[in-house]
Every structure is written in structure tokens, then in C-alpha cells.
Amino acid sequence: MFKYNAGFDSEFQTEALPGALPPFGNNPQKCPHNLYAEQLSGTAFTVPRKENRRTWFYRIQPSVLHSPFRRVEGGMDVGSLEGEGFRVDPNQMRWNPMPLVEVGENVTFVQGLKTMAGHGSPNAKTGLAIHMYTCNTSMIKQACYNSDGDYLIVPQKGTLVVQTEMGWLEVPPKHIMVIPRGVVFRVEVSESSRGYVLEIFKGHFDLPDLGPIGSNGLANARDFEYPVAAYDEVVKGREGMTKEQRYDWKLINKFGGHQFETEREGTPFNVVAWHGNYSPYRYDLTKFCCINSVTFDHPDPSIYTVLTCKGDDVGTATADFVIFPERWMVMENTFRPPWYHRNCMSEFMGMVWGKYDAKEGFQAGGASLHSCMTPHGPDYPTFKGASEAELKPQKFDKGLAFMFETNVILNISEKAISAEHRDVKYFKCWEGIPNTFVGMEKEGEGKKKKRKKGV
Ligand SMILES: O=C(O)Cc1cc(O)ccc1O
Ligand SMILES: [Fe+2]
């Protein structure tokens with residue numbers, strides 16, 4: 001439906017009206033078509049050039065045309081993530097699909113955001129938050145932006161049609177989108193929708209380094225799609241209007257963990273042209289070029305990293321976005337589903353569609369959390385089945401799971417812990433893993449034999 005430019009982290013130039021981009025320079029004395037120049041900085045002015053991100057907008061009126069903000073309670077309001085309303089809990093957690101919005105209720109994307117877990121502080125620009133959303137109503141004459149960080153959105157049900165300052169993006173399930181800090185957007189939906197959101201308070205998402213994999217593979221840079229400039233018609237002659245008629249758009253801002261709102265003079269989607277490397281983008285997860293073992297064992301799931309937000313320690317991510325994509329499994333003499341494990345990182349998983357290969361009962365639209373060092377792995381029926389399975393080449397194509405993996409211990413929201421759709425019996429899926437150890441008997445036999453020989 002919409003046009004896109006392609007190439008992760010590229011420097012784009014796009015205009016919705018011929019000649020709207022200044023031919024050179026960023027801030028001419030008079031911009032073409034009498035537009036206003038405005039810079040959006042996504043990194044400090046002085047960060048090294050290869051990490052520096054900013055975009056120049058050429059817009060009909062500057063963003064500053066809004067009334068003072070006031071604080072309100074709402075879906076974007078997550079509070080501090082550390083105190084009241086959140087607590088740590090090492091237990092394995094699982095949630096059934098997040099209930100969809102009930103018929104008769106109208107909930108927008110912003111109103112439908114529910115915080116599952118998080119850590120750190122948006123004010124200190126450290127840490128992250130994990131949310132889920134359910135919504136059924138388009139944001140009409142309202143837009144929002146997040147001062148606290150970047151959103152990575154994983155739709156599970158329902159296509160999101162997202163209008164942003166940079167243009168339009170269509171994001172159906174099996175796609176993701178990233179909306180960087182500060183970018184104004186609004187979400188349209190045409191059905192009852194649900195999905196997951198990873199919010200990072202520091203840095204931006206990058207493609208992972210490929211190391212010995214080489215210069216291609218996993219998520220390829222050319223498959224990341226960026227919007228082209230598009231603008232709403234702006235009503236002229238606002239001077240003669242009443243205040244209500246004039247300030248006809250609601251603008252919502254998540255700022256320091258809280259939701260603020262104000263009214264704006266007309267549409268914020270008034271960017272006729274832009275250039276830069278700071279923009280929302282989308283990615284089709286079915287384009288992921290999966291690398292896997294063709295001998296024995298399977299690699300750590302980091303091999304499925306789509307995007308990473310680097311942490312302070314080399315190689316340790318603040319957050320990785322990892323998928324378990326369709327792939328051929330051909331490994332010999334191995335147990336193919338996930339092994340039993342304990343991880344110093346915390347693993348929040350979601351299910352876009354279908355079935356996960358490690359578990360019964362992990363459903364599309366549901367979620368699980370295995371925190372720092374909490375034991376987990378396949379449930380017993382999966383273990384038994386996979387231990388006895390005939391190892392022939394097998395296409396893994398029964399579902400798409402993903403993981404937000406993070407270095408921090410997550411504070412879980414009280415609302416998520418006490419949610420009706422939490423599967424409080426989750427721990428039972430590992431009950432009954434039998435002791436089938438045969439070593440003692442063998443050793444006993446061996447000793448007997450040795451004794452017989454008089455050794
Ligand atoms: O826990 C999980 O299901 C995810 C996972 C899969 C795997 O194959 C190895 C490690 C891991 O955390
Ligand atoms: Fe795991």
C-alpha cells in the first residue's frame with residue numbers, strides 16, 4: 001500500500017512535493033515552499049559520526065505549536081518501574097493470551113498498553129520496559145511520542161497502520177516496527193488487535209555483528225523499510241477559529257514514565273520533506289536468513305538475533321530481539337528442542353503464531369518470563385518425544401516465537417503477576433521428569449566384574 005525506502009541505518013532524502021527539500025544545507029534562510037526547518041536529534045550532537053542520528057524536517061509549521069502539557073493517567077503511564085506496582089520474583093511465569101478488548105469498548109493503541117515488566121529509569125536513561133497492548137480503535141486526531149526511549153513493536157494480531165512524522169508504515173503480524181525516541185506517531189487498526197512492545201531507555205537498536213558468519217545473513221540491512229515523506233492537508237485560516245476549533249489535535253507524550261497530554265494546532269503530520277538517518281522503520285521477519293547447525297547440537301539462540309541494543313559491557317546486550325524462525329533442522333545425534341538451561345540473562349518470550357517446539361500450552365498472544373538463573377527448558381512430554389524422535393531432516397514451520405532477552409533482573413508489574421490470564425500452574429509442566437539414571441547399576445556391575453578378577 002505504501003512506498004518505502006530501504007537500507008538499515010541509511011541516510012535518506014524524501015519529499016512529498018517536488019523541490020521541498022533544500023538543494024543543499026539544512027537550514028536555509030528561506031526554505032522552499034515557505035516550510036519551516038526543524039531538527040530531531042536522536043543522539044547527542046557529539047557522539048561519533050557512525051552512531052550519530054538526526055533528521056531534518058521541512059514542515060508546514062514547527063512542532064512547538066501546542067498548549068502546555070498536563071499530567072494524566074493512561075496506558076503509557078508506567079510509573080517508576082522500581083517501586084510500588086512492581087516486584088521481583090524468580091519464578092517461571094507464563095501468561096495465556098492477553099484478553100482482547102471487549103465488544104462495546106473502544107481502546108486505542110496508547111490506551112491499550114499494559115506494562116509487564118521493566119528495570120531501570122527512563123529519567124536516568126538506563127534499562128528497559130516490556131509492554132503488551134490490546135486495542136480495537138484507531139487514534140483519530142490524536143498522536144503521541146515517547147521521550148523515554150525507542151519502541152520495538154511486535155504485532156501478534158491485527159495490522160497496525162502507523163502514521164509518523166516521516167510518513168506511513170503498514171505493520172502486519174510477522175513484521176516488526178521500531179519507533180525511535182521522540183518521533184510523533186498515531187496508530188490505526190481495523191480489527192481487535194494485540195501485540196508486544198520492547199522499550200529501551202538508552203541507545204538505539206542495531207543489527208548484531210556477524211563475526212565469522214561474514215558480511216551477509218540474519219536480518220539483512222536491505223530488508224529494513226523506511227517511510228517516504230507524506231503530509232496531511234493543513235486547514236488554513238485558523239486565525240478566525242475559536243480556541244477549540246483551532247487546537248483540534250490531542251498530543252500525548254510519555255515523559256519520565258508518566259503520560260502527559262496537550263492540544264495542538266492542527267495535525268502534527270505536516271512534514272513535506274525530510275532527510276536524515278533517524279526514522280521509524282519496519283522489517284518483515286520472514287526475510288530473516290537463518291543460520292543453524294548442519295552437524296550436531298544447536299547454537300545458542302543469539303544466532304537468531306534480529307536487532308540488539310548494546311549494553312555497557314562488550315557483547316552483553318541491554319536487550320536483544322531474537323526470533324525462532326522457520327528453518328530446516330538437520331542436526332544429527334542431538335536433542336533438537338531447547339535444552340534445559342539457566343541463563344544469567346532474563347528471557348521474556350512471546351508467540352506471534354502457532355506452536356513453540358519446547359512447550360505445550362505456550363499460545364499465540366501469550367508470554368513467558370524465565371528470569372536470571374531461573375531453570376527452564378522443555379516440558380516433559382516434549383523432552384520425551386524429542387529424545388525418542390527419529391532424526392530426519394525436519395522443517396520447523398509450526399509457529400513463530402520470539403524473545404526479548406535482557407541483561408537485567410526485571411521487576412514484574414503487580415498487574416501482570418495478578419492478571420487473570422496468568423497461568424499460575426505453569427511450573428507443573430516440568431512435574432514428573434523422571435529419574436532414569438542408570439549409572440549406579442552400571443558402575444555396580446563394573447565393580448562386581450573387577451572384584452571377580454581380583455583387582
Ligand atoms: O528458553 C527458551 O525456550 C529459549 C531458548 C532456546 C534454545 O534453543 C536455547 C536456549 C534458550 O534460552
Ligand atoms: Fe531459555
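Easy rule for this one: first residue shown is 1, then count along the chain.
Just so you know, glycine gets a Cβ as well, placed from its N, Cα and C.
So that you can see what the record holds, here are the features copied from TrEMBL:
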type	residues	note
DOMAIN	3-285	domain 'Homogentisate 1,2-dioxygenase N-terminal'
DOMAIN	287-437	domain 'Homogentisate 1,2-dioxygenase C-terminal'
ACT_SITE	His298	active site, proton acceptor
BINDING	His341, Glu347, His376	Fe cation binding site
BINDING	Tyr356, His376	homogentisate binding site
Please name the residue among the recorded positions His298, His341, His376 whose C-beta has the most neighbouring C-beta atoms within 10 angstroms.
His376
When you measure from the Cβ of Tyr356 (homogentisate binding site), how many other Cβ atoms are you left with inside 10 Å?
23
Between His376 (Fe cation binding site) and His298 (active site, proton acceptor), the C-alpha gap once rounded to whole angstrom:
17
Tell me the Cβ contacts of Glu347 (Fe cation binding site) under 8 Å, same chain only and six or more apart in sequence, or just say none.
Ser368, Leu369, His370, Ser371, His376, Met403, Phe404, Glu405
Measuring Cα to Cα, how many Å separate His298 (active site, proton acceptor) from Tyr356 (homogentisate binding site)?
16
Does any of His298, Glu347, Tyr356 have a Cβ within less than 6 Å of an atom of ligand 2? These are the recorded positions; tell me which, or none.
Glu347
Looking only at DSSP and grouping its letters into three states, which state does Tyr356 (homogentisate binding site) belong to?
coil
How big is the gap, in Å, between the Cα of His341 (Fe cation binding site) and that of Tyr356 (homogentisate binding site), rounded to a whole number?
17
